[in-house]
Amino acid sequence: MASMGEQNGVVSTRPVMADNRSFADFEPAVKKPKRNKFAFACAILASLTSILLGYDIGVMSGAIIYIQEDLKINDVQKEILMGILNVYSLVGSCAAGRTSDWVGRRYTIVLAGAIFFLGALLMGFATSYAFLMVGRFVAGIGVGYALMIAPVYTAEVSPASSRGFLTSFPEVFINGGILLGYVSNYAFSKLPTDLGWRFMLGVGAIPSVFLAVGVLAMPESPRWLVMQGRLGEAKKVLDKTSDSIEEAQLRLSEIKEAAGIPQVCTDDVVKVQKRSHGEGVWKELLLYPTPAVRHVLICGIGIHFFQQASGIDAVVLYSPTIFEKAGITSSDGKLLATVAVGFVKTITILIATFLLDRIGRRPLLLSSIIGMVASLTTLGFSLTIIDHSHEKIPWAIGLCITMVLAYVALFSIGMGPITWVYSSEIFPLRLRAQGASMGVAVNRVTSGVISMTFISLYKAISIGGAFFLFAGVAMVATLFFYMFYPETQGKTLEEMEGLFGKFFGWREEAKKLKMKKTMKVSGDGTSNGQIQLGNTTTK
């Protein structure tokens with residue numbers, strides 16, 4: 001590089017000056033931009049819908065004790081009642097993709113809250129097992145809508161610098177809802193049996209009311225607005241939800257390109273193709289997918305499948321049963337231990353939100369799933385020892401409780417939030433709503449199968465054997481994630497397609513994208529290719 005500068009005595013110091021100016025110019029960019037408060041508020045309001053699922057999961061784990069006593073149901077009816085909401089939510093998640101493309105993300109959130117409100121009231125006033133199942137069906141549809149729409153909306157309003165942080169909010173609120181459900185169990189456990197479980201289920205309608213009020217302050221998703229040709233409204237939302245005006249302009253340009261709208265179109269309202277309302281998407285997703293779309297689809301569905309197949313709902317829903325098997329026999333003891341599970345899950349998910357945009361998705365996901373394998377294996381080991389012992393073994397009981405807490409903590413630090421973040425950001429704009437709804441559908445079906453068969457499973461292969469099985473599934477997931485999942489941290493939603501398509505070659509594509517960005521940045525503010533090369537080498 002010295003020889004380049006020595007070609008002209010006048011210019012000999014200019015590369016140094018240019019390099020100094022370059023570092024000075026880019027110094028503010030090294031500092032992470034401040035959180036966009038408007039995007040932060042929108043993410044919180046949208047993610048409130050996720051409380052609905054969390055509360056139902058948490059409250060049913062304790063309410064089922066009293067439902068079984070009051071309605072005199074058997075174990076098969078019990079596990080069906082516990083897990084059927086996940087199957088019912090399949091209806092909502094499948095319908096949510098098309099609904100959100102038709103009426104918008106915002107009004108789909110309102111619809112999710114209204115349906116769950118009705119379902120919670122029906123469950124609270126249920127007088128029989130059949131009546132209770134009707135309430136579960138209605139609430140399940142609301143949950144399906146909520147699970148699909150919250151991460152999609154949040155991803156679409158979030159700037160790239162904090163998308164991981166904001167898109168993890170739905171999982172935060174799921175965990176918050178689980179904790180509220182556990183607390184509700186303990187709070188209403190002192191009421192008469194026939195009233196206690198009805199109050200536990202009925203108060204789940206309260207978050208829906210706050211959701212309906214809060215959604216009035218939310219803007220529509222800018223990506224949905226562009227898909228409808230409403231560029232003027234989209235620009236206003238992007239100006240509010242971006243870290244800078246330049247970023248807002250760049251995001252609008254990328255969305256217009258993805259939507260097939262020419263960049264020269266600057267009118268507030270433009271005509272768009274009819275397919276922007278969702279037509280033809282299923283054909284593009286399932287019948288004639290490109291290699292990139294196929295890779296995205298496998299990753300989006302795979303992460304949802306393994307999130308549930310690794311046993312999280314079995315631990316959360318049946319934690320009182322697990323603690324009973326471990327040797328805790330009193331109702332208060334089981335409920336308090338279960339509250340501890342909810343508390344640990346909530347704390348660790350809050351920690352995870354601050355790590356997603358610093359450490360990245362891939363390192364957190366892999367470390368989380370490896371830790372889950374270890375904790376599940378140890379939990380299976382301790383439960384097997386307790387199951388084959390005729391007297392209490394304090395160290396095994398302590399190890400069992402510790403491993404349950406460790407498992408939910410490890411899940412919540414990575415696998416839990418990253419599933420929603422990753423699956424909501426990798427799908428191309430035109431396929432995002434339906435693609436995300438497919439992921440949620442797989443999530444709910446897998447969850448329903450696990451939660452509706454857990455009692456039968458542990459009776460067939462022992463309680464320890466059930467967790468050895470979950471550990472085996474988590475080991476397969478570890479290999480799957482390592483091989484196929486590229487890092488998406490810091491990428492714009494429209495850049496995602498470039499990372500996918502080569503199942504085993506995505507690392508090379510990621511290196512090329514990084515190099516391209518480096519060259520682009522190092523060329524800013526200069527007009528000499530030699531100086532660009534000098535800057536790149538310096539870095």
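Glycine residues also receive a Cβ, built from the backbone N, Cα and C atoms like all the rest.
Because TrEMBL annotations are produced automatically, they should be read as predictions rather than curated entries.
Annotated in TrEMBL:
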type	residues	note
TRANSMEM	38-68	transmembrane segment
DOMAIN	42-489	domain 'Major facilitator superfamily (MFS) profile'
TRANSMEM	80-97	transmembrane segment
TRANSMEM	109-131	transmembrane segment
TRANSMEM	137-153	transmembrane segment
TRANSMEM	165-183	transmembrane segment
TRANSMEM	195-218	transmembrane segment
COILED	231-258	coiled coil
TRANSMEM	335-356	transmembrane segment
TRANSMEM	368-386	transmembrane segment
TRANSMEM	393-415	transmembrane segment
TRANSMEM	465-485	transmembrane segment
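Tertiary neighbourhood of the transmembrane segment (80-97): same-chain residues 53, 56, 60-61, 64, 67, 73, 108, 112, 115, 129, 132-133, 136-137, 139-149, 278, 313, 317-318, 433-438, 440-441, 443-445, 447-453, selected by CB-CB distance under 8 Å and a gap of 6+ residues from either end. The stretches the transmembrane segment (195-218) and the transmembrane segment (109-131) are in mutual contact, each linked to the other by at least three Cβ pairs under 8 Å (pairs 6 or more apart in sequence).
Taken together, the residues in the coiled coil (231-258) have a mean pLDDT of 87 on the 0 to 100 scale.
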